[in-house]
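As annotated by Swiss-Prot, active site, cysteine persulfide intermediate applies to C327. Look at Swiss-Prot and you will find G74, T75, N155, Q182, C202, G203, H204 tagged as pyridoxal 5'-phosphate binding site. As annotated by Swiss-Prot, [2Fe-2S] cluster binding site applies to C327, with the evidence given as similarity to another entry. Residues or ranges marked as compositional bias 'Basic and acidic residues' in Swiss-Prot: 230-244. The N6-(pyridoxal phosphate)lysine annotation in Swiss-Prot covers K205 and is backed by similarity to another entry. What Swiss-Prot lists as region 'Disordered' is 230-253.
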Amino acid sequence: MTAQGIYLDNNATTRVDPDVLAEMLPLFTEQFGNPSSMHGFGAAVGGQDRMGAQAGAGAARAAHDSEIVFTSGGTESDNTAILSTLEAYPKKKSIVTSVVEHPAVLALCDYLEKKRGYTVHRIGVDNRGNLDLDAYKRCALGPDVAIVSIMWANNETGTIFPIEELAQLAKAAGAVFHTAVQAVGKIPMNVRHSAVDMLCACGHKLHAPKGVHALYVKRGLRFRPIVRGGHQERSRRAGNGERAGHRRAGGGAHVALMHMTDENTRVKRSRQAGAAILAAVPNCFVTGNPANRLPNTCNVAFEYIEGEAILLLLNEADIAASSGSACTSGSLEPSHVMRAMGVPYTAAHGPTRLSLSRETTEEEIDRVIRVVPGMRTGRSVSPYWSQAAPEGVRPVYS
């Protein structure tokens, strides 16, 4: 618990680890040189960059630190992975993704389809958020596919996709495979012995600073820089990035890796305990695959109440959670993930995501559970008792 209360929105961002912050501070006041400079100040910072890349490579079990490209954030990394591949394979005009991707991928695919003439195959999911593998195998992979961009685990429900199987199928079809973001540091991964070609890791979701992201690019992969200019990042991404963050983004990933087993066991136990009691509240259910999702994520859909009302109730109790993705929380429409899963209209507006971290305590979870019964009051004034379901949302969840 912090001075502001209980923070259960760790899939949106995390608190910077105090040790990470302590190691960053000298890089603002002492080792502040431009790493492109030839003098000692620049060389010292360049060394910090290499250490960050080595730590990031280790967290993903990459073979070489040269496979790590630092960017400004997840959106840039996702855009870079897709646009670089399309430029490297100009004759291929198809893209494969899923209907539950982050807006950073979906919005770009929409643009490429409408403005650039690409064909985009969007693979659906079932009511637990599991990818439709038959559709993926049947219609999505052909010689015209340049890239497959599918998240390792969903940021709203935590449902984990069979990434290695998907990547192997893409590789057999001659397509580049791009994945990750939310799953990094939460579940084991080893890209060295994987068919994954590109992988995104977000520092601020690993108790490292915001504005720092890493894109893994497998050695030997065709890569075309999207941000052009200087020779930084081995000429793959121009511009002087946030150097202190580069060092500690890798450090945050390394710390997450060290704590992964113990943390996941404890966090998963808290999540399961919370989910069991939350599910006992009338007219609510846990979304996503109960047996195969991120250990820190619990998304509960409450029927007959808006997500905003739930978040306000929690906020009054000094509990921070979210309704859907942080990047779309300003929208009044149901989450595209809930719609894709067929969550009924009476509940599609009321999903509440509780995302835990290694700092979350069992006492905090108990406090959340005590607050949840207050949802019943909000239901009594909700308009969703009588509204009809819009097109694309099934009336029942089965």
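Glycine residues also receive a Cβ, built from the backbone N, Cα and C atoms like all the rest.
Feature annotations (Swiss-Prot) mapped to structure.
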residue : record                              : DSSP (3 states)
G74     : pyridoxal 5'-phosphate binding site : helix
N155    : pyridoxal 5'-phosphate binding site : coil
Q182    : pyridoxal 5'-phosphate binding site : coil
C202    : pyridoxal 5'-phosphate binding site : strand
Other residues, Cβ within 8 Å of G74, T75, N155, Q182, C202, G203, H204 Cβ centroid (pyridoxal 5'-phosphate site): G73, V181, C200, A201, K205, H213
Length of the line joining the Cα atoms of the residue listed as 'N6-(pyridoxal phosphate)lysine' and G74 (pyridoxal 5'-phosphate binding site), in Å: 10
Binding-site residues: G74, G203 - member with fewest neighbouring CB atoms within 10 Å: G74
Neighbour count check, CB within 10 A, over recorded positions H204, K205; minimum at H204
Would you please pick out, from the binding-site residues T75, N155, the one with the fewest other Cβ atoms within 10 Å of its Cβ? T75
Residues G74, T75, N155, Q182, C202, G203, H204 binding pyridoxal 5'-phosphate per the record - widest CA separation, whole Å: 15
Within 10 angstroms of the C-beta of Q182 (pyridoxal 5'-phosphate binding site), what count of other C-beta atoms is obtained when all protein chains are considered? 27
Is it possible to get the count of other C-beta atoms within 10 angstroms of the C-beta of C202 (pyridoxal 5'-phosphate binding site)? 25
